[in-house]
Amino acid sequence: MDCYEEPMEMVSFVQTMRKSPRPKMKASKNSRPSVADNMSSNDVPLPSDTQTLSSCETEVKQQPKQESIEEPRDDPTICVFCDDGGDNILSCEGICQRHFHAQKVDDEMECQTLGFSSEMMKNLDSVSFICENCKHQKHQCFICGELGSSSDENREVYMCHVQSCKKFYHLHCMLRIRGIAHGTHYVKQIMTGTMKLFCPRHRCDTCKIEDVFAGKLVQCRRCPRAWHADCLKDFKKSGELESTQIWKHDRFKYIYCRNHDILQELKTPKRDHVKFPDPE
């Protein structure tokens, strides 16, 4: 996806606001999600295996294992790379709480994986895993896919306020997708903390009714679009294709919306949607 272009006055305003002071999980086992007919803060190649392994290995050694508290999540316990489950899922215990395949289990596995070595796998029961995005506080905007700083000192992307979401956004991308023509006041409120950011994943794209409870909407795995199951199936209103399939994992339901072409050999869209920061 291409990043939206923002008028120069908005870019200038955002840069000015950044300079102003502001007020002050673990591995699990799951099977591949099945296709089902019935429906439930705040595009890019991956780095080489060598880069990923080197930085991840350091983080795994340094972080002591802590007990994580389970909480409702919008995203299921399936790999962010390939949207598949299995016995080899590793959960980031940083702010993103995403799930990854740690290493290939056989030659037929069609997933990038984190490329963990056998030695690193042995340590996973006693250490916490923090992904590179959380480690460096650089997360992807879920609209344009580009990385931005999520640190308080130089924030470029803001996390959705819905606790179960964990997605990040550039404010100028959010203005475009929300159709806000003059967003200076909106941007100022988000940046100063007087307003919370709620992303489109929690509003039905057809009936426009919001629902912030995890599992209530059918969400796209690649962009911030979501529907009530019945609203999605009304294809004339939703604009979706009749071939759009809803697949289910546990009590949650997901789709790839019509904005993403499905590769028949993978049964998923192109897998270039995950981006890590460059190694330091």
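The backbone N, Cα and C atoms fix where each Cβ goes, glycine too.
Listed in TrEMBL for this protein:
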- 19-29: compositional bias 'Basic residues' (COMPBIAS)
- 30-57: compositional bias 'Polar residues' (COMPBIAS)
- 58-72: compositional bias 'Basic and acidic residues' (COMPBIAS)
- 78-135: domain 'Zinc finger PHD-type' (DOMAIN)
- 140-203: domain 'Zinc finger PHD-type' (DOMAIN)
- 204-261: domain 'Zinc finger PHD-type' (DOMAIN)
- 15-72: region 'Disordered' (REGION)
Worksheet item: Do you know the DSSP helix, strand and coil residue counts for the domain 'Zinc finger PHD-type' (140-203)?
Response: 20 helix, 10 strand, 34 coil
Discussion item. Give me the DSSP three-state residue breakdown of the domain 'Zinc finger PHD-type' (204-261), ordered helix, strand, coil.
Written reply: 9 helix, 14 strand, 35 coil
